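S.K.: This is the structure, below, for whatever I ask next.
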Amino acid sequence: MWKTILRRILIMIPEVIILSILVFLLAKAMPGDPFTGSINPKADPAQLHHLMKINGLYDPWYQQYWNWVVHLFHGNLGNSYQYQEPVTRLIGSRAVNTLWLALFTTVLTYCFALPMGMYAAKHEGKLPDSIIRVYTYVTFCIPFFVILVIGVWIFGYVLGWFPTTGSISSTANPGLPSIGSRFYHILLPGVLGALFGTVNVVQYLRSEVIDAKRSDYVRTARSKGVPEKDIYRHHIFRNSLLPIAAFAGYSITGLLNGSLFTETVFSYPGMGLLFINSISYRDYTVITALVLIYGILNLLGTLLSDIILSIVDPRIRIQ
Amino acid sequence: MSLVEIKDLTVHYPIRSGFWNRITDSVKAVDGISFNIEAGETYGLVGESGSGKSTTGKSVVGLEKVTSGSIMYKGKDITKKANRKSLDYNHDVQMIFQDSLSSLNPRKRIEDIIAEPLRNFEHLDKNEEKLRVLQLLDIVGLDADALYKYPHQFSGGQRQRIGVARAVATNPKLIIADEPVSALDLSVQAQVLNFMKKIQREFGISYLFISHDLGVVRHMCNNIAIMNNGRLVEIGTKDDIYNHPMHIYTKRLLAAIPETNVNNRAEHRAKRLKVEEIYREQKDKYYDKDGLAYPLVQITPTHSVALPEDLVDQLKHEGEVQA
């Protein structure tokens, strides 16, 4: 078990190195330089050259890359042009918000989707199955931002049950009230995300359970005299969870960087909103940092998926 | 009294078609068969693939929904779920499957696989359970380190022996063996079959041995039923079937057993062709107008064949002339 995880982490090292080189080269390929815009336009070009030189911008790319990596390890990703504060601090404060929202949405999605998928498969072809299938198709067909806008309008504006902007109320006291306020702010986007994001899990689980239901080892279990509910619990459900588990790692990190819609509609100060804003303001340092973080998150997602898989499926562990 | 009495068992699968998906017809997988399994004997059920022998086996374990007919065990009809439950039927009747890999849950350890039937019916504590599993593994000749392995880490023969150990775990009275060795090569077949025989001697278990391999059936079984298209065409003792076959289908099956003596190859081939020729010429005589077997007619106390009376007399006469 630990061997599998350790080997998997070792494989990640070259992946991260390649990713960082790619991100760095892309950043280098962007037009412009960091000084032209930020100093007096009447300044002597020679002085600009001097600045470029002492900052190492004329060095060969691998040397510049090395400097960048060293800074990276010191937690220094440069300053944001737009906010005039270190990128690490900027992203750090946003990441916490996004993390809470993503975690809440993911947990809620599985809470809805797993029972639905199980129930649909158990009653395959009957009425409950049809209802659940139609539900997932409908939620799949409606674009998510439409749902969000309608949700904000109905529950935030018309009914006024939920806040429509921000991540925390400005008047909330520190301690328990502030946590409550945070939760109150992620409740509506989280529930909407979960209700309308079930299709993948439900359909995967349903088809897996239907497959497992007819498999030989389930027939064996029946012939052994295993009670029906234990057959579902011990034989079918555990084996059907495999693709879901494989999916879980991705979906958690996917939510971290895929919350663009939710954060934009709810003006929720998370990484998605930051990313959108940085792109519109050409805030290169932030964009580079975010792309790097998203890349690493995706790698972590696959790592997480593989670890979950190796827990669930003994066949892929290294002996 | 017999251990299990199967009477007029039929299993039909509906065929749905048309716009409304109504039931328009049915596949008659098993079409009214009756036979008895005695305690401690091995009953062979033989037939080509698609003849309904596996469906019969599954019905006897209770895996298949029976259309009509009855399967009597301890005086109760176990085609009804409530009766199976009240008898703890699956404690007494277990099944061994053909495909040893797919029929074991790939994500469970051998310990759990073998212990599961025990957990269903007997409430042992952890140590007793482990001891029992170890005993069972020992019976089928596997080491204790098999406990913590997964099914894919064994060879086909070992896996099938695990399947046997699992089936024997609850000390059943009857084991349905659905082509238990047809996925194995010959040397391993013998090994598994010998374990099965040994277990039968030690525990007095009955087998319903389902197979298409008449050579294996001859090695294992006391009584044999031949199935064709969902009906029985001939039942009898080993001697009846192998030495005095009456029905043309049985004769064809017997002729298909490979001959190991190379010198008689030509002779054997001629015999096979002759049987085939008789089959082609007289097919209509042996089957009714729908191409199905006739009802069984008793010839001797042990031997019955699915033929019209007059044909039976004619065949008997021919047999006497030949003898």
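Glycine is treated like the rest: Cβ placed from N, Cα and C.
It should be emphasised that the depicted structure is a prediction, and the values quoted were computed from it without experimental measurement.
Copied straight from TrEMBL:
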TRANSMEM  A:9-27  transmembrane segment
DOMAIN    A:95-305  domain 'ABC transmembrane type-1'
TRANSMEM  A:99-122  transmembrane segment
TRANSMEM  A:134-162  transmembrane segment
TRANSMEM  A:182-205  transmembrane segment
TRANSMEM  A:241-266  transmembrane segment
TRANSMEM  A:286-312  transmembrane segment
S.K.: Could you name the stretch, out of A:99-122, A:134-162, A:182-205, A:241-266, A:286-312, with the greatest number of CB pairs under 8 A to the transmembrane segment (A:9-27)?
M.R.: A:286-312
S.K.: Which listed range (A:99-122, A:134-162, A:241-266, A:286-312) shows the maximal number of Cβ pairs under 8 Å with respect to the transmembrane segment (A:182-205)?
M.R.: A:99-122
S.K.: Look over the recorded stretches A:99-122, A:241-266, A:286-312 and say which has the most C-beta pairs under 8 A to the transmembrane segment (A:134-162).
M.R.: A:241-266
S.K.: Could you give the residue numbers and ranges of same-chain residues that sit at least 6 residues beyond the transmembrane segment (A:286-312) on either side and whose C-beta is under 8 angstroms from one of its C-beta atoms?
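M.R.: Residues 1, 4-5, 8-9, 12, 15-16, 19-20, 23-24, 26-27, 77-78, 80, 82, 87-88, 90-91, 95, 238, 241-242, 245-250, 252-254, 256-257, 271, 274-275, 278-279 contact the transmembrane segment (A:286-312) from elsewhere in the chain.
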